[in-house]
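Presented below is the structure to which this report refers.
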Amino acid sequence: MARPLEEALDVIVSTFHKYSGNEGDKFKLNKTELKELLTRELPSFLGRRTDEAAFQKLMNNLDSNRDNEVDFQEYCVFLSCIAMMCNEFFEGCPDKEPRKK
């Protein structure tokens, strides 16, 4: 039986490959594929409307090697940044119950 972290890693990898290569390199997300992934898998991140300028800025920030696509490493950096932002948010929240030692 897979542990929760193993399952999370599987979801990260399988989600990338679900969208990558529909229109080209099967190991990269082009702009259309990335937008579809974010719209379907992270809808609260994009909000209800997609601001094209904001999306293009995100794409440019993720595309560290400037090939106009997002590879798996760039995708993981993006998810890591989101995870760190979530962690910082929850660090500021008071604990409801004291932590067990």
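Glycine too: its Cβ is placed from the backbone N, Cα and C atoms.
Taken from Swiss-Prot, the feature Ca(2+) 1 binding site covers Lys28, Glu33, and the record attributes it to a curator's inference. Around Glu33 (Ca(2+) 1 binding site), a 10 Å sphere centred on its CB holds 21 further CB atoms from the protein chains shown.
Long-range neighbours of Asp67 (Ca(2+) 2 binding site) (same chain, six or more residues apart, CB within less than 8 Å of its CB): Lys28. The Ca(2+) 2 binding site annotation in Swiss-Prot covers Asp63, Asn65, Asp67, Glu69, Glu74.
Sequence annotations record features per position, and here Swiss-Prot assigns domain 'EF-hand 2' to 50-85. In the domain 'EF-hand 2' (50-85), helix, strand and coil residues by DSSP number 25 helix, 2 strand, 9 coil.
If you look up Swiss-Prot, you'll see Ala2 marked as N-acetylalanine. Under 8 Å, Cβ to Cβ, and six or more positions away along its own chain, Ala2 (N-acetylalanine) finds Asp10.
Residues or ranges marked as N6-acetyllysine by Swiss-Prot: Lys35.
With the fewest other C-beta atoms within 10 Å around its C-beta, Lys35 stands out among the recorded positions Lys28, Lys35.
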